[in-house]
Amino acid sequence: MARKFRREIERERRTLAAAWEESRARVSRSRVVEGCSRVSLKKKKKKSFYAFAIDGAWAVLGLMCSSYGPRYTGLRIPHCHGPFAVRMAHLSLGGGDVNGPSQKGKHVFSKAEFHVLILGVHKAGKTTLLEKVKSIYLKEEGLPHDRIVPTVGLNIGRIEDANVKLVFWDLGGQPGLRTIWEKYYEEAHAVIYVIDSAAASSFEDAKSALEKVLHHEDLQGAPLLIFANKQELPAAVTEEELARHLHLKELDERPYMFQAGSAYDGTGIKAGIDWLVEEMERSKRTEVLMARTETAEKI
Ligand SMILES: Nc1nc2c(ncn2[C@@H]2O[C@H](COP(=O)(O)OP(=O)(O)OP(=O)(O)O)[C@@H](O)[C@H]2O)c(=O)[nH]1
Ligand SMILES: [Mg+2]
């Protein structure tokens, strides 16, 4: 009886000891888990601190590049202004994608792409101009003049400047083809309107076609470069004379420039494109088109 009683006490003691061991193991296991979570919490805090610091740096850089930077610091960062800066500040201040800083970097460093429409009446020299633009910027031979035929569809040219990508759309200028022009207006950031400065007989047609372009609501605010082409010909009028001939009233509402030049020898092309790029970079229209593209990308 006493032996039986002792065995029961022994069993009870072992059960209690096992329970005690189990509870100790559970506590230490939870400590290990807790320890882990503390470490990952620390890491998380560190990570979010770095993310915050990087975001802050982007914000400062963005604001420095915007119009506020030069105003308050007297420093202007070259080639870093206009919508590019606004975009940088916007992205860095949380307006960008939800995919984190790496995505922001991707957007900030990718070049802005602008679409430029090349319009004008037939034989003004649009396609020859596009070929010259490609040969100047891409440093490769364009099509020889005698192989350029009247345009029926669309010629596309892509070039990259130091800061931007430019996509040119060259359309046919024959009267029956001009109805196609407006299909491209909505997506265009700017227009190059080419005129044969040596063909006075075509000025009236060039003027009325240009007036229609300027009246179209899909092209509101688009910067306009009027390229007075074929300047190397003796009969060519200067850009001032051409401006007098055209006498365009609607021009006051948009950024515009008359540029004399030649698609044959390349004069005036770089100056014209430099002006156009600057105008596109600061244009309200560019901001609107960019916002529209971003929205479309998100959908
Ligand atoms: N002298 C001279 N001729 C030019 C110049 N640019 C173009 N041409 C000539 O003008 C003619 C018409 O040139 P295109 O480039 O085909 O004109 P376009 O405006 O594209 O004509 P469409 O496609 O019909 O609308 C061609 O014979 C060209 O060689 C230039 O700067 N100087
Ligand atoms: Mg053509």
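From the backbone N, Cα and C atoms, a Cβ is placed for every residue, glycine too.
The annotation transmembrane segment is assigned in TrEMBL to 48-69.
What TrEMBL records for GLY120, VAL121, HIS122, LYS123, ALA124, GLY125, LYS126, THR127, GLY173, ASN229, LYS230, GLN231, GLU232 is GTP binding site. Following the DSSP three-state reduction, the secondary structure of GLU232 (GTP binding site) is coil.
Classification of THR127 (Mg(2+) binding site) by DSSP places it within a helix. Per TrEMBL, Mg(2+) binding site is recorded for THR127, THR151.
For the binding site of GTP, formed by GLY120, VAL121, HIS122, LYS123, ALA124, GLY125, LYS126, THR127, GLY173, ASN229, LYS230, GLN231, GLU232 according to the record, the largest Cα to Cα distance is 22 Å, rounded to a whole number. Cα distances from THR127 (Mg(2+) binding site) to the binding-site residues GLY173, LYS230, GLU232 are smallest for GLY173. The most densely surrounded of the binding-site residues HIS122, LYS126, LYS230 is LYS126 (count of other Cβ atoms within 10 A of its Cβ).
In the structure as shown, the Cβ atom of ALA124 (GTP binding site) sits within 10 Å of 26 other Cβ atoms.
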